[in-house]
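K.L.:
So Swiss-Prot lists these for the protein:
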- 1-36: signal peptide (SIGNAL)
- 54-70: compositional bias 'Polar residues' (COMPBIAS)
- 54-130: region 'Disordered' (REGION)
- 71-81: compositional bias 'Basic and acidic residues' (COMPBIAS)
- 102-116: compositional bias 'Low complexity' (COMPBIAS)
- 150-171: region 'Disordered' (REGION)
- Asp266: active site, nucleophile (ACT_SITE)
- Asp413, Gln444, Trp481, Asn483, Asp515: Ca(2+) 2 binding site (BINDING)
- Asp419: site 'Transition state stabilizer' (SITE)
- Glu518: active site, proton donor/acceptor (ACT_SITE)
- 701-761: region 'Disordered' (REGION)
- 719-754: compositional bias 'Low complexity' (COMPBIAS)
Amino acid sequence: MLENKNHKKMSLSGKSLLMGTLSTAAIVLSASTVNAATTNADNVTKNQTVAVSATTTNNETNNQVSSSSEKTADSKTEKDTNLTSAATKEVKADAAKTTSPVNNVKTVADTTTTTKETTDNTEKSPVNFSADVKKNDAVKQDEKAATAVKANTEVKANETSTKSASKDNKAELKGQIKDIVKESGVDTSKLTDDQINELNKISFSKEAKSGTQLTYSDFKKIAKTLIEQDARYAVPFFNASKIKNMPAAKTLDAQTGKVEDLEIWDSWPVQDAKTGYVSNWNGYQLVIGMMGVPNTNDNHIYLLYNKYGDNNFNNWKNAGPIFGLGTPVIQQWSGSATLNKDGSIQLYYTKVDTSDNNTNHQKIASATVYLNLEKNQDKISIAHVDNDHIVFEGDGYHYQTYNQWKKTNKGADNIAMRDAHVIDDKDGNRYLVFEASTGTENYQGADQIYQWLNYGGTNKDNLGDFLQILSNSDIKDRAKWSNAAIGIIKLNNDTKNPGVEKVYTPLISAPMVSDEIERPDVVRLGNKYYLFAATRLNRGSNDDAWMAANKAVGDNVAMIGYVSDNLTHGYVPLNESGVVLTASVPANWRTATYSYYAVPVEGRDDQLLITSYITNRGEVAGKGMHATWAPSFLLQINPDNTTTVLAKMTNQGDWIWDDSSENADMMGVLEKDAPNSAALPGEWGKPVDWDLIGGYNLKPHQPVTPIPNVPTTPEKPENPTTPNTPDTPHTPTTPNTPDTPRTPEVPTTPVKKTTQSELRS
């Protein structure tokens, strides 16, 4: 979701050096300073040009330091000599003004300046002057020259004294940053007091305060990957001639109540909350999508349906807006949905109140949606909606609230409490993962610029990035407000009327780096949880990175991803930086995509189906070119926490990958006049509206052809050695026939004893 979020673009005209021209010790130097010096040099007299040239030389040296940080003693001596020479020449030239017009001064690099000036003036003297007059003039010139040399000596002495006093009072680097600056090859004697004071503010806290961090270094790597258009991550090219508006998007509009040709963008299927598979509801697949009239603040969610497993884009039907007609003030944005045991849909969505001056007050909400099915007419309709209520608006500590946001710079600061994704863990506990902004636990503000942990690169790289931010007013302003987060809450056991049982610290946060990471999506593959989210790099602080992406590709969108053994914590970035998908074509082409959403492939724990919408909203690709569902494609999840885009593509609007899904005709190429070109006629080289960028440096790329899902023939095992022939067992001897037991003797009948004596015997 982007276009109607009331996110005002920050001015880029404010790019200026905050701390003046950086010295040779600075790692980053704005090119505008050198350009300004060069421009001014064209408008000054020759005697001034020497000083400007010396400054320019030092600025050029700064750029060399920026790329290497290795400075030899010879180069330092040369720079100091240039500065001294320039100062000396200025003094000599000024002293000579008493005898010669400025225009007649000939500036040279040694002490012959005065002599040459004298010679020039002598040559220009009238020819009728007597020799005595000339001699007297020469004496006067010599006296004045001597005075100039004396003045120059005094000035140099005063400069030396001033520099010595300044050195004694110079600020000093302290603690860990002192070692880092030294290790980075920076000459600390060239740092200004302002730079030193700023560097001394840096905090070296070792622990992330709000989950896994998307760092400044990660952001640069993502932009670099986008610019390189690596086929492992670049969104595959689609055949522009095959893309069409969604037939089911012609329906009653929620705001006007009239039949309109609507656009459709952020969409999600009704899924099993534990497996993520698309649910089979009475033989149908159900998808909920944001729809609205083009170029209008019209954002509402609709229910769409098709036979389960049907890949035909034309067969999708529209059950209408879930929350009815006539709701222009209260709108609905992205979310997720799952089935209840009774067949109703439990919907999680973003309720947006626009009544406060269109500031888009976002709240995570839930509702139970009941459906009617008329099988004989192949028709699904919405019966009624119950339990519509707010689940979460932020707690202020882990997640920023609307009231906290209202106290900030609303024009530059993005508000986010949206896009709730439902997932059940292995034990059946239910959670919502959502887009947010960090709260006071790790809040936005200028102090984030001084958190070393936010940078994420080597010490040398971090130092350069720190100075870059301080030297660019727009980057610094963006960094101050950036606090995007992907949050998580645990719900209670009331399935149809859920509330919050526990609020966790964010899974991902980007303080100082980005102010918008949206549409989170968590899927469980095997025993691991994979978290994905969409982002636009121009919501980040690093202007240089996303502007370079715009220049190379004409767009700056991406999908990032992370993996963890636990749902609620411990995520690490995929592909090292978190990059999973990057833009391939300019934002105003028919085949530009966004809002990537990963759906598990049934029977596979190493592949995902990537869905999105195609063609940016507002008819930026041309009149009648509406936002619509894109073809889907496969993403391979590798065991080493890397990913690969596969050359497997579907029709538009395919949410279930099966044997009938693939359609190679939807694949495009980066060739201007090819029948399956990724660009429509006239799109090639067309500038993007927001920056009027042309001449893209697009590169062709080919997704990887996946290995068929069949068992591979195992390697032929070595022939086993023939075992030794076992010994033939001996035939046992016939056992002896046992003796016939003797017949026991028959006992005699005892004599009955009757007398006492007989009994005793």
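Using N, Cα and C of the backbone, Cβ positions are placed for all residues, glycine too.
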K.L.:
Check the Cα-Cα distances from Asp419 (site 'Transition state stabilizer') to the recorded positions Asp266, Asp413, Trp481, Asn483 and tell me which is shortest.
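P.N.:
For Asp419 (site 'Transition state stabilizer'), the closest Cα among Asp266, Asp413, Trp481, Asn483 is found at Asp266.
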K.L.:
Rounded to the nearest Å, what's the C-alpha distance separating Asp515 (Ca(2+) 2 binding site) and Asp266 (active site, nucleophile)? Just drop the number here, would you?
P.N.:
19
K.L.:
What is the set of residues, excluding Asp413, Gln444, Trp481, Asn483, Asp515, whose C-beta falls within 8 angstroms of the centroid of the C-beta atoms at the Ca(2+) 2 site?
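P.N.:
In sequence order, the nearby non-listed residues are Thr408, Ala412, Asn414, Ser437, Lys480, Ser482, Ala484.
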K.L.:
Other than its own, how many Cβ atoms are within 10 Å of the Cβ belonging to the residue listed as 'active site, proton donor/acceptor'?
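P.N.:
By my count, 25.
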K.L.:
If you count other Cβ atoms within 10 Å of each one's Cβ, which of the binding-site residues Gln444, Asn483 has the most?
P.N.:
Asn483
K.L.:
Just the number: how many Å between the Cα atoms of Asp413 (Ca(2+) 2 binding site) and Asp266 (active site, nucleophile)?
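P.N.:
Asp413 (Ca(2+) 2 binding site) to Asp266 (active site, nucleophile), Cα-Cα distance: 23 Å.
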K.L.:
What residue among the recorded positions Asp266, Asp413, Asp419, Asp515 has the most other CB atoms lying within 10 A of its CB?
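P.N.:
Compared across Asp266, Asp413, Asp419, Asp515, the most Cβ atoms within 10 Å surround Asp419.
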K.L.:
If you measure Trp481 (Ca(2+) 2 binding site) to the residue listed as 'active site, proton donor/acceptor' at Cα, how many Å is it?
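P.N.:
Just about 17 Å between their Cα atoms.
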K.L.:
Calculate the distance in Å between the alpha carbons (Cα) of Glu518 (active site, proton donor/acceptor) and Gln444 (Ca(2+) 2 binding site), and round it to a whole number.
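P.N.:
Cα-Cα, rounded: 18 Å.
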K.L.:
Return only the integer: C-alpha distance in Å from the residue listed as 'active site, nucleophile' to Gln444 (Ca(2+) 2 binding site).
P.N.:
28
K.L.:
DSSP three-state call for Trp481 (Ca(2+) 2 binding site): helix, strand or coil?
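P.N.:
Where Trp481 (Ca(2+) 2 binding site) sits, the three-state DSSP reduction gives helix.
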